[in-house]
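Working notes, structure below.
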Amino acid sequence: MVAKVTAARRVSCADENRTPGDASQATISAAPEDKKQGFPDIREDGVARGVSASCGAVQNAASAQVPGARTPGVIGVPVASKTVEEARGGGAKRVITKRVGGVFVLDDSAARPNRKAGNLASGARLSRFSRSDRQRSDGFSGTQARANAGGVRRGEGRPFARDFSRGSTGGYRPAVRGPARPAGRVGSGPRGPAPLQVGAGKPAQNKRSFRGRKQQTYQYQHKDRLELEEKLLQQKKKNKEKLAAVPRSVEIMESVSVADLAKKMNLKASELIGKLFGMGMMVTMNQSIDADTATILASEYGCEVRIVSLYDETIIESVGDEHAVLRARPPVVTVMGHVDHGKTKTLDAIRSTRVAEGEFGGITQHIGAYAVSTPKGSITFLDTPGHEAFTMMRARGAEITDIVVLIVAADDGVMPQTIEAINHAKASKVPIIVAINKIDRADANPNKVMTRLAELGLAPEEWGGDTMYVSISALQGIGLDLLLDAIMLQAEVMELRANYGCCAEGRIIESRIDHGRGIVASVIVRRGVLRVGDTYVAGVYSGRVRAIFNDQGEKIQEATPSMPVEILGLEGMPNAGDPFQVTDSERIARQISLKRQELRRYENARNVKRITLDKLYESIEKGSVSEFKVIIKGDVQGSVEALKQSLEKLSTDEVQLRVIHSSVGAINDSDVMLAAADSNVTIVGFNVRPTPQAAVLAERERVEIKKYTVIYQAVEEMERAMEGMLKPSLKEVVLGSAEVRKVFKIPKVGSVAGVYVLEGVMKRNAIVHVVRDGIVLHSGKVSSLRREKDDVKEVHSGFECGVGVENYFDFRERDRLECAEMKEVSRKLKDAALSDAARLQG
């Protein structure tokens, strides 16, 4: 319906007799002088401000579309009263908010619903007003209900000023029975009419629907937490399903904690603890058990235990080569042989360099990697040490190689390290090419070498075998081309190929600390392409490739398979022979690195010797064991490892050599302070020197620093130092011998032998053995020694004397007396080792 405002003074319906449903228009008029009486304001433009009208039949009124109106849902004022005062009595209220042409439009969309509606259930509202003569509730509650019921008494003649859009304000007086009064706070002065409520006439929602809305709101506000709880619940269900299935086999290291073993076997740790308790072991879930115990425990569940290494436990899955395009790669050739048989000299002749001249003692003490270009292709050579101390280096060289070139001197023949190199090559299942060197020597005998090697399983092709032999002279440059041809021929037969499109993988050949560049690692790339910026894991450390250098020291951007390079950017010093692998992200590399470091610390802690009561009693019975403590510092990791193993081999049951610290780099202040903490620590520097600060500190703290450039010199000197710590052995030394010529009976003393000194000397208080017919009858001490009637200390050969032996009187003529004494003799470590072995066999 449409309400039309004119200049009339009174409100009248167009047709007072019409039904509410037929009412269409109502005219509202106001004279200017009526404004003083509190009637609605009408501005100069004709727009009424705050005009409020109501009719009792709002719910049944028909709505009419206003021409030109833009807001939907607009209704007119129902015709139900003759005056404004009567229209104010009750019913739904509407607010005139805009003007369309000459018509004021009543818009109910701006009114806000009563927030207190729905707080009471329908039954509660009815029961609340059941005894009152007030009209029954129409579905509203709170302020809305009071307003509908007539409001509260206010100042006489004040307009209807309650604004329900502002919420409850409090301070209302009790309701007064009688004609309807406007609701609102107590105050003075005219106030504008209140806006109409949206949803007028609708009953309040019941309490059940209100609780439903609260639950929906709670779920929306706590959506993330509820989703997380749901995920945890699903994961818990999955874990319960997993616990039911015990795998057929698990992989562990040499020792494993009960919790880790239970996790691998999909069991609860408490269950394994109960099993161990039944086996007589009191353990906790974080306590470690050895591999044998874990095997017995797993066998009860039908599970097999496999022992794996540190890197197998944290293996990085790599892309397979099944669907990749493989390309040819250069062969990796390791040169092996006995010391001083000409390995480095042969490589120098091939590369036209002089590396051997710059080596201390003329021997190689670390692995060198070189790339050589030939007319038929490129070859990567690895030069390994031949000294006995570098066994691990030779083993690593055989592991990462494709072909082994065995250098044997024609004059020396097969030596111990030659046999060891053959065993390493056979263990790695790589082909061997024998190069007989020094054929220019006059005493060279190649046939003897071939015969001895054939006995070891390396039969020459000329003799019907499958081993290629090449006679060379590195000094004269003879036969080197034939050696290169043999290598390339063997490589063609092997069809060496690699995947160039995957993440780079390889092996650490050597690692060291370079002044100004930090930690430098020599790497052989086995597959993939290594580029600057790649993240990787080397051993137990992660890093990012900052720079790559080839064997000539030139900076390059990438390294292809079989290429020996040096890389920068490691977080720690990896061990020689550790695996090297590029990862997809730095996060993955760091996670693997932290896990491997944790496993290594755990493994090192397991290797620490713990003192038990049995060991304590045993050490007390043996006496205190001397310890020779050393700190080893070297130029490269491989040399440090070789020196450490060589020195630890010197230990015996009486003297133990203990390496308390070993690392790569110069001798620094920390090393000196560590040695100063114990008075019996020696610092051994191999191809390194102390820093100026460390040298001053060592002199002040009186710490001994030994510097060596050749490994066997260091081993020999440490051996002599340990021999000085051995307790000297007592050795019987024969002083002389005498023959019994006559026996004298002396009262209260016993028998005394009159002897003739045949050789040497007879001494008082010396040891004497009584020998008859080659059998020692008695060994005792010379209690008295007389020459005629005088007591003497010693009698030399050619003289006669009287000899009394302590607690022995059964002398006979022709008996032989041997005089001896015990002397301390310094011992050798080899003798101590032999005595230890004999004691163990006994």
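Heads up, residue numbers simply count up from 1 along the chain you see.
Placement of Cβ uses the backbone N, Cα and C atoms for every residue, glycine included.
Since this is a predicted model, take the numbers as computed values, not measurements.
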Stretch carrying region 'G3' according to Swiss-Prot (options 235-238, 375-378, 383-386, 651-654) = 383-386
When Swiss-Prot is consulted, the range among 1-41, 534-574, 780-820 described as region 'Disordered' turns out to be 1-41
Look up region 'G4' in Swiss-Prot and report which of 229-232, 437-440, 581-584, 661-664 it refers to.
-> 437-440
Around the Cβ of GLY337 (GTP binding site), other Cβ atoms found within 10 Å total 27
Over the region 'G2' (362-366), what does the predicted model average in pLDDT?
-> 45
Tell me the residue counts in helix, strand and coil for the region 'G4' (437-440), as DSSP assigns them.
-> 0 helix, 1 strand, 3 coil
With DSSP helix as H/G/I and strand as E/B, how many residues of the region 'G1' (337-344) fall in helix, strand and coil?
-> 2 helix, 1 strand, 5 coil
Does anything in the same chain, at least 6 positions from ILE439 (GTP binding site), have a Cβ under 8 Å from its Cβ, and if so what?
-> ALA410, PRO446, SER471, ILE472, SER473, ILE478, GLY479
